[in-house]
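Below is one structure, written out as structure tokens, with a few remarks after it.
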Amino acid sequence: MPVNQCTIMTEGLIGLRIGECFDLKPLEPEARLQAFAKSIFMPRFVAEKEKKFTIMGKVYKDKGGPQQKKQKKQGEDTGTSADAETDPHPKWALYRPVRCANTVGLLPDASMDELTLRRTQLLEALNEVEDDLGMTRTKPADEEASTSNAKMRTNEHLIDIAGRKQPSAEEMGLMRATMTEQEIVDQLQKANENFGEKTEYSQEKFRREKMLKHSRKMRVLPTNAITIAATLWSSIAETGMKFANFRARDVLPQILAMANVQAGSRPLLVESTEGLLTGAILERLAGHGRLYCGHFDTGWSDLRMLHFFNPSPTEIATLREVNLSEVLQDFSGEEPLTTLQTKLERLYEHKGKLEQRLAALDDSNADDATVSAQRADLKKNLRAIGFTIRGTRNKLPTKEADARENVEVYSELKNAQATSLILASKYDIKRSFFGLLKFLKPGAPFVVFSEAVDPLVQLREQANNKVAVGMAIQETFCREQQVLPSRTHPLMSMSGRSGFLLSGHKVDPDAEEGQLVHVKVNKLAAYKEAVKSERDPRAAKDAARRATQTSVPAEVSAATSSSE
Amino acid sequence: MAAVEKNLTLEAPASEEPAHRESGPFACDDKDIIKDGDLVVVFENHTSITKVKVKRGETFEHRLGTFDLDHFVGKRYGSRVQPMRNNMNQRKRARTGRASRGESGALVQVGGYATLLPLTPELWCDAVSRRTAIMFPLDNAMVVSHLHLKPGSVVVESGTGSGCLTNFLARAVAPHGRVHTFEFNKARVDAAKLDFAAAKLDDVVCCTHANVYENGFGAEVESTKADAVFLDLPAPWLALPHAVKVLRPFGRICTFSPCIEQVQRTAAKMAKLGFSSIMTLECLPREFRITKIKTTVPVVFQTEEEKAIVRRPGGSRGGANAEADDVAKGEADEDANKAAAAQRKRARPERKQRQDMRPFQTSSLETSVAAVIDQCARPMQEKEFITADRVILPFDRQKGHTGYLTFAYAPFK
Ligand SMILES: C[S@@+](CC[C@H](N)C(=O)[O-])C[C@H]1O[C@@H](n2cnc3c(N)ncnc32)[C@H](O)[C@@H]1O
């Protein structure tokens, strides 16, 4: 059982502090299921094993696709998948732990009291889930697994694999379950035929790497953009899964820096990094300022990674999801509210009329069949209208809050109050950039990420210095070095693909045109005029008139300027 | 001018308050219009970036000429400005000995222009007067993120140097965090303090004059503990024991060293002191430019149209270096006619230029050889077709990479 598929008990980790170590123990399936159930309520955590193996506790919302299939396979031997399929509560079935289920770490400064409180809360919550999931149900597959597990435990600790090249997967599992990492490495060393022939350095390396691989010591890390990204990155490297083609280790820090993200800033972000960028920015805002997280059309921002960050309520309060299509189409955020209110007014009006008519009927005291039928009709209508009114009224508070937020966000964006623009999305780069630039403050920075250089080149070619200044397209070369006495060298595998970043500052589009004069244009024009005037008296007059105009339109100066 | 005055009076009352702000020092949230006392960046191009404190009634000497700072007040950030007097013209006048014809009598602002930008740590790196070797934006961004800094963090830095990294640190930890930065060169401390005050970093950055090898980071910071330590010193390993004292358990550390030998000593010392997850990174930015290069198409590879273009008599010569200029204008999709016309223009002058270049005095042997070469070359040249392609090239000189970054977690006690 490789580390990253290991389920560890969450409970034992509660109360651990960041930096503390714990043992990674393989769990029996039953316990694993419990851990899974608990993980739903747990904050996320990140842990690592000497930086090479990082794991992250998380719950995962399946969205189908190949990934799901893969996890199902994984789930089958734990028994969770069967459970999920037959589970009467599909809500829970959607969640499953991918790497390992667990918690901790996120409360570095929490007092012991808080932790105990938290723990009781979690346990209570767990009881409920256990009922929901029907945890008491027995699962034949699991039983088998656990009995065979029990048999393993009784086995002799050492498994002699000497003389053979590789232990089988089965033997490996057995060894992991029963031996310490030291013993495992001893065994492996014995099994490795040419260990003795290796140089001293490579013997050491062999032992070091094997120790690392089979060690079960994990250390709790702080949960933040970098540790989360590192874990995701390593998981991508392992599974071949692409993560928005985004090398977070060096690109993420640069995006945050180039976009001048800090407490109090108001970046406008359009991302397809599944919430990694959103989380990283919220972390840097720390509850001050605002993050406009934009999406287009009817879609929603996919922020599924956001929960790994354990964002606090104040941090979440700075997040504003904005439908940029609405803002761009001049949709006023007030609309849904006012329509709701007018609707309500009309309903009341109508209701009043009906009541008047009813009263009139009552007053008339006529008692024939048509009148009573009318009365019954009216009453039915009134009741129906009463329902509609109540329904509309119930919608009002949330709509009101929504609308208030929308009005605020829309007016801020329309007044170009975003303090930076960050694009790292699947949307058309050039059009998104030119379409959204109007929301950015003049003078403020922008960053555009693209996997390939071409879209950025096209963008750069179209953005002249009337649009932006200080534009630069760059990629990064980022390489890790192994630093050991006499054995310092670059690590073998290195990602050669950082993607590209285009950064720059927006120019004030309303800069007084015509005030700027370009000397070259001026002189050349004057010179041409002068030459002409020597031959043609009419042109001379023309030239004289033009000379009194002191300026040349800014477009001309911009187009010919050599300053960019 | 009137507009500027009005803006000023509008701006005056609100500005002076050092109000309680929940924003970082570089957050542009309240920066729309340039106010008296603002620190602004005068951006001309990538190689000419300066910063200036706007003060009414003062002027600012720039490469382009003299700027009247009164003009800056009331302008929006992102506006473009031109100097009153123009250095370029003066230089030209000095050279030619007479006033240039274009500006005869006209009272205009002439010459290049610059854009006014709000100060960011990135621009600071370009605009700072370098008192020491500085760290560049890529490394600085890496340090901030991998030290896990966020608002409220306390970070210790040494040495301050020109303060480039200090700005990045301050931006990340503001408003409630703190940067304690230590430098043993008194002059640099004083200069840095002035710089930080000008950028209104006083309540975030605390710059101390001390030798950290000998005296560490002071009892005060050691008692309150820091979340992270950054060392850019010639011998970081000498400061590591002090770093252990000042760091909270499992805090972060980063050292920056240009030489791998320094990294080795540092890493060994870190391991000895109980630091964990020691990781050394090397990061280089590669910046690209968009440019056009000319390539010659051999006759055998030419298409019929190309041959026709080459044969056709062309117009006059275009701008001498038109092809070498970086493409800044959005004219990617020129229609074919235009391209062909430009092609014709380019194909001919090439030959003309080479002929022009030849007539210097040479020895008879050289002349005869040259004549032979000329004869061989000319018929080919007449048929030569030159394409100008847009290409993306990395810059020859890249800003950045001056060393290795080594990160680790402090011991967990
Ligand atoms: C390369 S500079 C730092 C540059 C800075 N990181 C930047 O980006 O602007 C190194 C600085 O460390 C200072 N320094 C060297 N040894 C020191 C010591 N023992 N204590 C304090 N400062 C020291 C030097 O005076 C120098 O200014």
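Here, residue 1 is simply the first one shown, and the rest follow in order.
Glycine is no exception: its Cβ is also placed from the backbone N, Cα and C atoms.
Keep in mind the model is a prediction, meaning the values are calculated, not measured.
Region 'Disordered' is the annotation TrEMBL gives to one range among B:1-27, B:28-54, B:136-162, and that range is B:1-27. For the S-adenosyl-L-methionine site, TrEMBL records B:SER162, B:GLY163, B:CYS164, B:LEU165, B:ASP203, B:ASP232, and the single candidate of B:GLU183, B:GLU214, B:GLU220, B:GLU222 listed with them is B:GLU183.
B:SER162 (S-adenosyl-L-methionine binding site) falls outside any helix or strand according to DSSP and counts as coil. In this structure, B:CYS164 is the one among the binding-site residues B:CYS164, B:LEU165 with the smallest number of other Cβ atoms inside 10 Å of its Cβ. Residue density at B:ASP203 (S-adenosyl-L-methionine binding site): 14 other Cβ atoms are found within 10 A of its Cβ, drawing on all protein chains shown. B:SER162 (S-adenosyl-L-methionine binding site) has a Cβ environment of 22 other Cβ atoms inside 10 Å.
B:GLU183 (S-adenosyl-L-methionine binding site) carries a strand DSSP state (E or B). The 10 Å shell around the Cβ of B:GLU183 (S-adenosyl-L-methionine binding site) contains 27 further Cβ atoms across the protein chains shown.
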